[in-house]
Amino acid sequence: MSMHFFNSLTRQREPFVPLEGRRVRMYACGPTVYNFAHIGNFRTFVFVDILRRHLKWRGYELLHVMNLTDVDDKIIRDARAAGLPLREFTERYVTHFWEDADALDIERPEVTPRATDHIPEMVALIGRLIHCGCAYHSDGSTYFRIASFPRYGVLSGNKLAGNIAGGSARVEADEYEKDDVRDFVLWKRTQPDEPTWDSPLGPGRPGWHIECSAMAMKYLGESFDIHCGGVDLIFPHHENEIAQSEAATGKPFARYWLHAEHLLVDGRKMSKREGNYYTLRDLLDRGYRARAVRYVLAAVPYRKPLNFTLEGVEAAERRLKRLNETVRRLREAVPTTTNQVDETAKVVADIRQSFGAAMDDDLNTAEALAAVAQLETTVNIALSRGELTEAAKAAALAGFEDVQAVLGILDPAQPELLPADIEALIAERLAARRAKNFARADEIRAQLAAQGIILEDGKDGTRWRRA
RNA sequence: GGUGGCGUAGCCAAGUGGUAAGGCACGGGUCUGCAAAACCCUUAUUCGUCGGUUCGAUUCCGACCGCCACCUCCA
């Protein structure tokens, strides 16, 4: 069964076929580093991470580039407000971004280039555009001439910018130096108090869109397989990337465009003013675990809006606790040696198949998680009946390894030894239970519960777990 | 004004022209000395409303209602 993705470019679900055999080249628009990333940002980054993990899991060799936008209007504004040089200002948010990404188990892409380290590449690309008549200088800045690119609008369907009723007047007033209001800036003339780079285009700084074209081409070539990001980037950012890239090279830029829908918080667009704005740190400070946040972000397929609520994170915490306990019991299980017909191993194999098929189908994480739930139940039944064979155990563990490789939602195995005094109490309780001294046994259980250690009696003895 | 999307049980949510996955919560049960955990059962005759096409629609078409997004910085 092959992989399929919904391609924003064609608005259709298409079989995924890389340009070069088993090698996949992919570009993802990364963060603009002027503040802590919020969970909406991370919805997209978790989606990209799952895409990345799934491609690798299916055996593709991956070259994944994610840029860091470290120069733009907001960054300049906030760096100035903070009284810091641009690089020093962005450096700290780059660091915070990776801290958050690590907490969410987001894998590091192979290449994570920063815009300001690629000014020469951008200038060179703009030079090509001028050379082919697709760009022009005006008043110290350089603009892309949209009229030179007939395919403009293929991705977004927007043929014209400034078509908002009542909005076009403002656009025109600001942009009188352009030949056409739709044209966008490639290189901005230097401004007082702004970071400036010298270049053959004159002193100035890059416009927003050119960085992604320049860096994608540098690391991935002029044509590559996948370009992804949030839906809001479709227009103008990705539309402009296509225009400037394809105008310069005459070749198709990215073949598959994948866009993650936004998330809402409590059913509304997240905004600081509304008070429904969360960074990852906000959630960690409230005591939620990053993996639960990841689960929430991963559980809704990426093309659907996701309604984020704290209740949802709490439900995810409960869900993951059960799942992790099942995996732990499975790891510790001693398989039965009694020979018998092993139905479980076959059922598990089918479930693993379903999991992969769901993910192959445009990353249908909701359906994949249904398979995970089946796997969990199957394991628990076999375990409680004492019917888990070596083969079934191995298959089930492999199944959870699949889940972990692709979704990254499980806790790592971490065998933990209890302090000797607690072990002694557990032993004492066992003896008390054997002697039917239940009062003492319950007393010990309550005492340990107060310390966050839950005891569970089963037919193979007593297990403990953290509350 | 233009464009796109969504509306499925208390909540999150999958899905399909053929009779509604899964999770969380709730209730009942099995197991247990009692618990816990696990498991089982129950929970939408119904998929925003009204029409149409069809042997049959939640799934296709139309209208309407409600919500969201993009068209401007935004993941």
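Cβ from N, Cα, C; glycine included.
Marked as motif ''HIGH' region' by TrEMBL: A:31-41. For A:K272, the entry in TrEMBL reads ATP binding site. Residues annotated as coiled coil in TrEMBL: A:306-340. Annotation comment: TrEMBL describes A:354-416 as domain 'Cysteinyl-tRNA synthetase class Ia DALR'.
Taking H, G and I as helix, E and B as strand and the rest as coil, DSSP gives the motif ''HIGH' region' (A:31-41) the counts 3 helix, 2 strand, 6 coil. Secondary structure by DSSP for the domain 'Cysteinyl-tRNA synthetase class Ia DALR' (A:354-416): 46 helix, 1 strand, 16 coil.
In this model, the domain 'Cysteinyl-tRNA synthetase class Ia DALR' (A:354-416) carries an average pLDDT of 95.
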